[in-house]
Amino acid sequence: MDGPRSDVGRWGGNSWQPPTTPEPEPEPEPDRRSRGGGSRSFWARCCGCCSRRNRADDDWGPEPSGPRSRGSDSRGVRRPESRGTGVNAAGDGTIREGMLVVTGVDLLSSRSDQNRREHHTDEFEYDELILRRGQPFHVVLFLNRDYESSDHITLELFIGNNPEVGKGTHVIIPVGKGGSGGWKAQVTKASEHNLDLRVHTSPNAIIGKFQFTVRTRSEAGEFQLPFDPRNEIYILFNPWCPEDIVYVDHEDWRQEYVLNESGRIYYGTEAQIGERTWNYGQFDHGVLDACLYILDRRGMPYGGRGDPVSVSRVISAMVNSLDDNGVLIGNWSGDYSRGTNPSAWVGSVEILLSYLRTGYSVPYGQCWVFAGVTTTVLRCLGLATRTITNFNSAHDTDTSLTMDIYFDENMKPLEHLNHDSVWNFHVWNDCWMKRPDLPSGFDGWQVVDATPQETSSGIFCCGPCSVESIKNGLVYMKYDTPFIFAEVNSDKVYWQRQDDGSFKIVYVEEKAIGTLIVTKAISSNMREDITHLYKHPEGSAAERKAVETAAAHGSKPNVYATRDSAEDVAMQVEAQDAVMGQDLTVSVVLTNRGSSRRTVKLHLYLSVTFYTGVTGAIFKETKKEVALAPGASDRVTMPVAYNEYRPHLVDQGAMLLNISGHVKESGQVLAKQHTFRVRTPDLSLTLLGAAVVGQECEVQIVFKNPLPITLTNVVFRLEGSGLQRPKVLNVGDIGGNETVTLRQTFVPVRPGPRQLIASLDSPQLSQVHGVIQVDVAPASGSRGFSEAGGDSRSGEAIPMASRGGA
């Protein structure tokens, strides 16, 4: 990538100036966006066959160096000239007597029609036909005369700049004769001048937006139906089709991981888990176009878009902005003045529509935002996908497959040597597919991680990586297994500097990494523990074998050779659950499990930390010597006042307690890092009246400032698929300990249970969210769909309904 990098990644502690956010261009009509090609570098470096491609291959576009170009066709497709009338074989538009002329086509594409319902695409807020591959659909042709047995009809589909039959970008389907690769069309009914067809699509079809036309041939000549944008067809992956390699054999899984438009994302620490609702919004109008634009912007060959392995890998690269001007600019600096605080987003829709509308990368994202957007994109394209949180997630920078932490002779952290980091939590994605590119046994859940941490084949992307290969330490399996394995199943190794300057392992913490891996449960808002899918039980023979097998392939294969193991003093850390603005206490409990007296010299160092493991300066420390009789326990406490930690707090309100100790009698070294956080308050949402499609409804939002200081430039966000397009509300300042109430109206556009999600952000307080379920009744006399939509204006100043004191 030329020029300074925009994403700071885990290097958030370094000095960094956010890039200037370009002014967005005026919003164009939805169908007039560009699908300019993308950089060749991704495929040249990740795919050998693509690196040797012919430069004349028109599936490739120019390098996207900035916002997308204007004025091209909405799919980057060279549209054949569309005449107002049919085209005969001579191309002069003459319609001769006896020719079979197609006067019209009904693709049964409305949301209430048979095709959309059978293909599980009726929730998409689109009027075009949206299909899932490998499944038949119905078409009605309107003819100028009766259909005769001597007539020949051919359906054709086109995608890409230079459609070719051999690449699957030009599909020819002769009616009644059977096509190739699973494509075929049959007449189901012929009545008067109408012809009903049942068309079968290939389970390996390219995904994307196709042009559709019909050709006829009779004794009187040939005819071609002009291209009509109303007859364009979207084709998606199909987890309902057993022949599709993305097939999922559980209906409840498909309902949750493909069709659910909202979900829960977990954050915080293992002991203090927070959760937030995220609006995926994969069926909102414009989102499908944004997802296809992402593939076009990367320059992905159309011929490769039927492969979910390749598609998911491209998405992992394109959701972040590094290398390719992708969707989101990562920012871990704490300065979000030129964009949106990552904690303030409540869903993916606003982000994706902004990228589609302007072509500029959207500021800013962190891991849960990258993962939330990835879930939206992959579900929208038809891949069963879920959002995963790994607590105590390691970032291995030297491929040692261990987390190495260095201390001086007195066991004080040597931060300039501690390049590996342990994130309090990290969020990525699982998507379900077969892996024909791997040996048998590695189908199923695959990790895809769009957060830019390390490069893969020179590109900031990660996955897809089989969860089964991670579980068993098979780090030679593609893609990126060593990095992901270290995130969930490596050991934390403590090194102490010796008098001669060398380093010696003084402690190995085997249960410190990947301590809990969770996702939202199916059909509920409960949290599901899926740690067992990623790793064998901690301490088991299988788990130890996996770790040591993986480490043998790392850069420090003999790391376990010099371990010391004499341990009879146990240490446990406890942190008080506190709300932002309150004082708190942390405690260390020491227990002598031996039969002899022990004396422990203990050091406690407290600092703030970004959730990525990047720490600030130590702002409080305690040293104490503790005498322990055999079998006895003692507690060392450290009170921390709000005024002590307030000046140092960073995003997520997290703090890191470094504990080190030395047992005089035995020489045992005690070492532990414990992360805890102060919680933020929730927003309270109340629905005022019944919700009906097409009718205005009102919601009340109540917030109490927990801090004794004024919150300035407060911004609320409101979003909910089928309820409210993304909306930004500027409310000004909120005084210390003040309670505010505001009311907002919205017009539901789709029936059923919906989630309305809100957030609050200010420079003094972030990570404040609220959600309410809205059960929307259908409009009387219809299936309930409405063309009305919530207002999506940004930056609107909102008067307060009421402001109350504490």
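Cβ from N, Cα, C; glycine included.
If you check TrEMBL, you get these features:
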type	residues	note
ACT_SITE	Cys367	active site
ACT_SITE	His426	active site
ACT_SITE	Asp449	active site
BINDING	Asn489, Asp491, Glu538, Glu543	Ca(2+) binding site
COMPBIAS	70-82	compositional bias 'Basic and acidic residues'
DOMAIN	359-452	domain 'Transglutaminase-like'
REGION	1-42	region 'Disordered'
REGION	56-95	region 'Disordered'
REGION	782-806	region 'Disordered'
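Figure note: comparing Cβ neighbours within 10 Å for the recorded positions Asp449, Asp491, Glu538, Glu543, the maximum is reached by Asp449.
Residues near Cys367 (active site) in space but far in sequence (CB under 8 A, at least 6 apart, same chain), listed by position: Trp423, Phe425, His426, Val427, Trp428, Thr451. Across the structure, Asn489 (Ca(2+) binding site) and Asp449 (active site) place their CA atoms 17 angstrom apart.
Annotation: His426 carries the greatest number of neighbouring Cβ atoms among the recorded positions His426, Asn489 [cut-off 10 Å, Cβ to Cβ].
Distance noted between the C-alpha atoms of Glu538 (Ca(2+) binding site) and Asp449 (active site) is 24 Å. Helix, strand and coil counts under DSSP for the domain 'Transglutaminase-like' (359-452) come to 15 helix, 40 strand, 39 coil. Same-chain residues that are not part of Asn489, Asp491, Glu538, Glu543 yet have a Cβ within 8 Å of the Cβ center of the Ca(2+) site turn out to be Ser490, Glu510, Lys511, Ile513, Gly514, Lys535, His536, Gly539, Arg544, Ala546, Val547. For the pair Glu543 (Ca(2+) binding site) and Asp449 (active site), the Cα-Cα distance reads 23 Å.
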